[in-house]
Amino acid sequence: MKAILLVLLYTFTAANADTLCIGYHANNSTDTVDTVLEKNVTVTHSVNLLEDRHNGKLCKLRGVAPLHLGKCNIAGWLLGNPECELLFTASSWSYIVETSNSDNGTCYPGDFINYEELREQLSSVSSFERFEIFPKASSWPNHETNRGVTAACPYAGANSFYRNLIWLVKKGNSYPKLSKSYVNNKEKEVLVLWGIHHPPTSTDQQSLYQNADAYVFVGSSKYNKKFKPEIATRPKVRGQAGRMNYYWTLVEPGDTITFEATGNLVVPRYAFAMKRGSGSGIIISDTPVHDCNTTCQTPKGAINTSLPFQNIHPVTIGECPKYVKSTKLRMATGLRNIPSIQSRGLFGAIAGFIEGGWTGMIDGWYGYHHQNEQGSGYAADRKSTQNAIDGITNKVNSVIEKMNTQFTAVGKEFNHLEKRIENLNKKVDDGFLDVWTYNAELLVLLENERTLDYHDSNVKNLYEKVRSQLKNNAKEIGNGCFEFYHKCDDTCMESVKNGTYDYPNYSEESKLNREEIDGVKLESTRIYQILAIYSTVASSLVLSVSLGAISFWMCSNGSLQCRICI
């Protein structure tokens with residue numbers, strides 16, 4: 001009975017002790033992040049770094065509309081294919097759009113030399129001035145300028161030709177040697193295009209140009225080339241057995257370009273003074289154009305985001321996030337929402353001794369829960385919380401700033417003879433994408449591991465801060481909690497939280513209560529020992545008596561022979 005009273009006294013004393021616990025915030029977030037060691041870790045707060053949404057529209061880029069080529073391509077637009085007449089007045093754009101069925105290009109069959117390089121040059125041009133470099137009415141008085149038309153380039157049901165070129169043929173029975181120069185006074189680069197005609201027979205050569213042994217020379221300070229017509233029988237394309245090759249060059253400001261020929265020259269009529277601009281480009285897309293505005297355009301649609309990565313399309317125009325192949329890039333900013341005692345981090349201390357977060361603490365990441373005679377409640381440790389918020393915010397901003405190198409990534413063009421180069425380029429591009437994706441994912445994994453360990457370390461530090469103040473005035477009872485050996489009112493609790501706890505002031509009371517509790521425990525232990533001895537002796541006596549009774553009964557009924565020797 002005495003032992004029971006002592007145990008109840010000890011239990012009653014412990015139940016009424018004031019307590020202070022250290023813990024951390026928890027909420028109903030379902031955000032998950034990956035770390036180096038774990039996948040799908042639920043956290044209280046996180047930020048997404050990967051944009052995966054677009055509006056499905058082609059928009060203005062920073063307020064400037066794109067140039068949609070419709071059924072025409074770059075070649076048809078610049079040469080002046082009659083089917084592209086609506087594009088001839090275009091002078092400025094944010095980017096150029098071709099579609100998958102942009103078939104109106106070179107109407108007279110032939111090769112467009114260095115066409116892919118020309119597209120690359122245009123990808124950095126935001127506007128140009130189309131001007132008459134050699135006026136048709138006055139530049140070629142000794143040559144015919146109106147007979148150079150073909151059924152391969154029809155317009156309104158009649159034979160026609162490129163609007164930006166003039167196909168010169170003989171006048172009468174004469175094709176005098178021509179020599180014409182243009183001096184670039186535009187203070188901009190000037191794009192000049194021309195053509196060389198290759199007839200199928202010598203008869204066609206004479207009927208068009210009179211001169212059997214004709215030549216063409218085009219020269220500037222950076223371009224010099226002499227051309228000879230290649231007369232040969234070829235299969236008909238678009239009804240033409242002849243071929244026409246197309247050439248271009250850029251004439252620098254102040255430079256001169258000269259055309260000299262005795263036949264077969266398709267001279268430029270219009271040229272283009274180009275203005276370069278960053279952020280332009282050429283995309284191939286069947287997405288419709290809408291009246292909207294964006295800072296980043298992809299062939300699939302516009303992206304309006306400040307995130308550093310996107311997985312929508314590798315081809316982008318404007319200020320765009322970097323393309324990666326990832327499907328998830330989420331960076332932890334808060335704590336583990338369901339902590340595990342077994343969790344072990346890679347970089348810092350672990351607060352694994354605290355099994356669960358507190359949903360009741362909403363004004364901070366780390367803090368306290370106290371209970372005394374005046375009541376109980378939660379209180380955040382604002383200093384450690386604010387330091388953590390500042391540190392993590394700076395880290396996230398730094399990561400975004402470092403990785404958010406926004407840029408235009410236009411596609412590269414290769415002709416049908418450059419398939420090996422195209423395949424090699426694709427492999428190189430894929431390699432870069434793999435590296436960027438790996439770097440981005442590894443960065444997020446490492447930073448998430450650091451962040452979660454950083455939070456655990458902060459909780460551990462807060463616990464150590466309290467333990468170092470209380471010393472033996474309280475005891476650790478597990479799960480981040482302390483039980484005081486003295487009365488600790490709200491003022492006392494606040495002093496522990498703010499680091500001003502007066503240990504000597506409470507040490508005498510704590511010592512007495514600690515000795516009293518230890519004495520109760522010791523007396524209880526002695527009583528238990530006495531009871532244990534008594535129980536053992538009593539059990540032995542009962543066992544001996546039982547064995548004797550059984551033996552007597554067995555001897556009396558003959559089941560057991562009993563002999564008594566003296």
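From the backbone N, Cα and C atoms, a Cβ is placed for every residue, glycine too.
Database features (Swiss-Prot):
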type     : residues      : note
SIGNAL   : 1-17          : signal peptide
TOPO_DOM : 18-529        : topological domain 'Extracellular'
DISULFID : Cys59-Cys292  : disulfide bond
DISULFID : Cys72-Cys84   : disulfide bond
DISULFID : Cys107-Cys153 : disulfide bond
DISULFID : Cys296-Cys320 : disulfide bond
DISULFID : Cys488-Cys492 : disulfide bond
TRANSMEM : 530-550       : transmembrane segment
LIPID    : Cys555        : S-palmitoyl cysteine
LIPID    : Cys562        : S-palmitoyl cysteine
LIPID    : Cys565        : S-palmitoyl cysteine
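Cα of Cys72 (disulfide bond) to Cα of Cys153 (disulfide bond): a span of 13 Å. Rounded to a whole value, the Cα-Cα separation of Cys153 (disulfide bond) and Cys296 (disulfide bond) is 37 Å. Ranked by Cα separation from Cys296 (disulfide bond), the disulfide-bonded residues Cys59, Cys84, Cys107, Cys488 are led by Cys59. Within the same chain, residues at least 6 positions away in sequence whose Cβ sits under 8 Å from that of Cys488 (disulfide bond) are Asp18, Leu20, His370, Asn372, Val496, Tyr506. Residue density at Cys320 (disulfide bond): 26 other Cβ atoms are found within 10 A of its Cβ, drawing on all protein chains shown.
Cα spacing between Cys292 (disulfide bond) and Cys107 (disulfide bond): 34 Å, rounded to the nearest whole number.
Distance from the CA of Cys492 (disulfide bond) to the CA of Cys59 (disulfide bond) is 64 Å.
With the fewest other Cβ atoms inside 10 Å of its Cβ, the least crowded of the disulfide-bonded residues Cys59, Cys292 in this structure is Cys292. In the shown protein chains, 20 other C-beta atoms lie within 10 A of the C-beta of Cys492 (disulfide bond).
Of all the Cβ atoms in the protein chains shown, 23 others lie within 10 Å of the Cβ of Cys72 (disulfide bond). DSSP gives Cys84 (disulfide bond) a helix state.
Between the alpha carbons (Cα) of Cys84 (disulfide bond) and Cys107 (disulfide bond) lies a span of roughly 11 Å. Counting only residues at least six positions away in the same chain, the Cβ atoms of Gly76, Asn81, Pro82, Glu83, Thr150, Ala152, Cys153, Tyr162, Arg238 sit under 8 Å from the Cβ of Cys107 (disulfide bond).
On the backbone, the CA of Cys320 (disulfide bond) and the CA of Cys492 (disulfide bond) stand 56 Å apart.
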